[in-house]
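Residues or ranges marked as repeat 'ANK' in TrEMBL: 18-50. The transmembrane segment annotation in TrEMBL covers 213-234, 246-268, 280-300, 312-334, 349-367, 388-407, 457-478.
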Amino acid sequence: MVRLLLGQGADINAVEENGCTALHYASKYGYLNVAKLLVESGASTNVTCHDGKLPICYASASSHTDILHFLMKKDLDTYHLMEDKKFVFDLMVCGKLNHNKCIQDFVLICKAPLEAAVKLCRNFRTIASKEKERSKDLELAADYCEEMATNIMTISSSLYNSEPLLRSVDQNNTQFLDFLIENEQKAVVAHPTVQQHLSHIWMGSLEWSSAQIFLLFLICLLLPPVWLILSLPLNHRYAKTPIIKFMAYLISHLYLLALFTITVVLPIKPISVSPSLIPFWYEWILLAWLSGLLVSEITNPADRAGLGWIRIITLVVCAIGLLVHLLAIVLSIYSGEDLRVYLYIRNQFLAFGMLLGFVQLLEFFSFHHLFGPWGVIIHDLIKDLIKFLVILLLFMVGFSFHLVAIYQPVYDRDLSANISVMDMFEFLFFSLFGLVDRDSFPLLSNSLSWVNKLVDAIFGIYMMVTLIVLINLLIAMMSDTYQRIQSQSDTEWKFGRAKLIRNMNKQSISPPPINLFTKFLAYCWAFYKHKCKLCTVNVQPYLDEPNTDLQNVESHSPDGLVPYEQESWKANKISPECE
């Protein structure tokens, strides 16, 4: 009948009220022969209905794998299909029917199969976080796509030069390597080809040994003028080398910890000796350093995963300490009381910021093959600890309230024997570490004689539940987390190393507090160059890298490798007409 209608001149792409064509209905109801006839007669496979669905979407929704396989061989808008969450989910369902053959065919028909595999993996994981009923199947499909991406990378690197592939951009103008890192494609990022490409970017034109690099680090650490020269955006070969920038940022962080030390740990002028509200010279330098950190967080793209949030928390805590100092200055104008307590409170906030600064050193150590996985392990163990504390808190609050109820007096002989909920909570908390035993509890002088036995029973139940059940549960959780990450330590280290190299490559040359001066000069130069018009596209290069010659960077890069930010910088370079 369909062949007869086509022979009589029927419009093969005619649509009904829902915008569906004959090919849509043939795909929906599984008529393979009809679909073949329509396609061979010129029916378009890219016609969408009013819901934006292609015929292949109806085939996947109805699990007609034969029609799905046939339509995949035709001209399709694969980018549109990969963004359709319903089609991605249906593709997983069809893949379950034939050992992921549908997923494999869809990836291989795409013009960029590696990109398709990575995007499908991302979409599967995104849907898995929402579809809890099928999350396991979606995670398995995502793992299959990640394995396909790794295999495609292996094949392409053995046949062609993979560096142009890693520097390519997608439709959203995103670097492919950035896309891999942002979507946590750890297996692909850990591929030897990708790591070799990252090593080229990390070292730039330097061909130094580890001993030479460490010697330069010591020289910069002990001689601040050398560190200052390497941190300035001068036109030298080290200006844009990520390992040099990493060294400059690490030394800046160590100097910050030293300033914290001489301010709150071993103060040059303690509060008890010189309680002045006017900051001393080292406190002014600390304020400049913290201001530089704030400018760096605003202007530089930073990684917020893992330990990345510590930088923000450090700035917030230190800002609270500075507000306390300002409050003390305001109060000193209107009152003559002793305000040293405010300076002491300020120092406690700064001390907490210093503590977070020491923890942040783990982020700098992520490039190392030993300390890198440890940082990931510590991050996941802390997540397990937070989950455990929620359960522990429920039991501790319940037992605290119960014991306080037992300690309610029956007689009014000694009212000082009463105990509060917070005191009981403190007793139960320190009993977990063996610092408090049953003899440390207050005496029950206002209650009945048998209440002591009740307290013994409740406290014994608490100790059994917390020490035998909950503590062992925490040990089991942490052991499982440690073994899981330890088995993937090489992959985790390489992925953390890739994130560090990318962040160093995108960050500005000058670390805090030097960036205060370089950014100020950059904005002044752009302000003058563009006659106060700072909201144009062409002004961005002046704000990113002031006084930098990109051609000099390219000439010193191995194999013509240019960092990602520099490539986009080159594309947006100001033309003579704009000047």
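A Cβ is built for glycine as well, from the same backbone N, Cα and C atoms used for every other residue.
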Cβ pairs under 8 Å between the transmembrane segment (246-268) and the transmembrane segment (312-334), at least three: no
Confidence summary for the repeat 'ANK' (18-50), mean pLDDT rounded: 86
Positions on the same chain near the transmembrane segment (213-234), where near means CB under 8 A and six or more residues out: 206, 243-244, 247-248, 250-252, 254-255, 508-511, 514, 518, 545-548
Non-local residues, at least 6 beyond the ends, that sit with Cβ under 8 Å of the transmembrane segment (349-367): 246, 249-250, 253, 256-257, 260-261, 263-265, 286, 306-308, 310-311, 313-314, 317-318, 320-321, 324, 374-375, 378, 493, 496-497, 499-501
